[in-house]
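Chemist: Before we start, here is the structure in question, set down as structure tokens.
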Amino acid sequence: MRSYSLIAPAKINLYLEIIGDRPDGYHELAMILQSIGLSDQIDVRSISTDSIRVHCNHPQVPTDKSNLAYRAAELMVRQFPEAFAKYGGVEITVNKQIPVAAGLAGGSTNAAAVLVGIDLLWKLGLTQSELEELGGTLGSDVPFCVAGGTAIATGRGEQLSPLPSLDNIYIVLGKYRSLEVSTPWAYKTYRQQFGHSYIIDTDNLAARASAVHSGAIVKAILHKDTREIAQKLHNDLERVVLPAYPQVLHLREVFANQEGVLGTMMSGSGPTVFALFESQQQAELVLQQVREAIIDEDLELFVTRTITHGIKVTSSV
């Protein structure tokens, strides 16, 4: 039976602006998304039965239909029934390294890897844009996870405009294992507290979303100016998450107070906080300093870096 191993990178938000409400009930967003080296490994294998099986090494990750990787396989079965009938079922094994419920798109990147893996298993020959379009029906982050690199994301996050890739900006990530922030809660609370400032007119919504293309952080990315990028980090959701989660706020403050940190911010709806560095040595030094400043076994810390790719095939059998 054929099989593929794929690398599924996490992502962080370098910029997240909530512009207003969309007619479909989602928020209109303007974001800059960045792939990072912290990754899961996904193995996708053909099996002789007409079923979908998911295995995962992490006890908190479900292996049933509530798992986005499972739903990605279901989507491919529905979309390509003839290929399913010809090649049989799929077994998916997730080796989880990305923290769960962390605002790092762990579920979305696993789903993206399954789409890419099944495309290869079933010899469908789908283009990247076709894979992204399929991914968009599963979740807002899935299209970016297919493509990876650095990109502006607008709409609900599924409309992508690639930017020149940022390579080798070093990052320290911090996340409390037992702490989760509900993404729906974060957006709902933001709407309750700051909805008065939302843009309502549809044309103005689109114009404001497109304004990010000429914004200061995009200019810094185009010039590959790491220090300026770090100074222009922005996340509207910090306005509701940080006051409600003192641990996240404290972690962010500890990062901000360390020498060598160019900038720090919460990623997505949290609770992961990240800091940017010019060198791996500085990142590793600050990781140790943060570990000494916050003595808590529940706190996970990782050193990683920006990367230029999304889903990547590492081997096939």
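Using N, Cα and C of the backbone, Cβ positions are placed for all residues, glycine too.
Copying in the features that Swiss-Prot gives for the protein in this structure:
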type	residues	note
ACT_SITE	Lys11	active site
ACT_SITE	Asp141	active site
BINDING	Pro99, Val100, Ala101, Ala102, Gly103, Leu104, Ala105, Gly106, Gly107, Ser108, Thr109	ATP binding site
Chemist: Whole-number answer please: how many Å between the C-alpha atoms of Gly103 (ATP binding site) and Asp141 (active site)?
Modeler: 11
Chemist: State which of the following binding-site residues has the fewest other Cβ atoms within 10 Å around its Cβ: Pro99, Gly103, Gly107.
Modeler: Pro99
Chemist: Rounded to a whole angstrom, what is the C-alpha distance between Thr109 (ATP binding site) and Asp141 (active site)?
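Modeler: Per the Cα atoms, Thr109 (ATP binding site) and Asp141 (active site) stand 8 Å apart.
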Chemist: Please identify, from the recorded positions Lys11, Ala101, Ala105, Thr109, the residue with the sparsest Cβ neighbourhood, meaning fewest other Cβ atoms within 10 angstroms.
Modeler: Ala101
Chemist: Between Ala105 (ATP binding site) and Asp141 (active site), find the distance joining the two CA atoms and give it rounded to the nearest Å.
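Modeler: Given the Cα positions, Ala105 (ATP binding site) is 7 Å from Asp141 (active site).
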Chemist: Whole-number Å distance between the CA of Lys11 (active site) and the CA of Asp141 (active site)?
Modeler: 9
Chemist: List the other residues in this chain whose Cβ sits within 8 Å of the Cβ centroid of the ATP site residues Pro99, Val100, Ala101, Ala102, Gly103, Leu104, Ala105, Gly106, Gly107, Ser108, Thr109, in sequence order.
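Modeler: Result: Ala10, Ile98.
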Chemist: Does DSSP give Thr109 (ATP binding site) helix, strand or coil?
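Modeler: Assignment for Thr109 (ATP binding site) reads helix.
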Chemist: Tell me the Cβ contacts of Asp141 (active site) under 8 Å, same chain only and six or more apart in sequence, or just say none.
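Modeler: Within the chain, Asp141 (active site) has Cβ neighbours under 8 Å at Lys11, Leu33, Ala105, Ser108, Thr109, Gly157.
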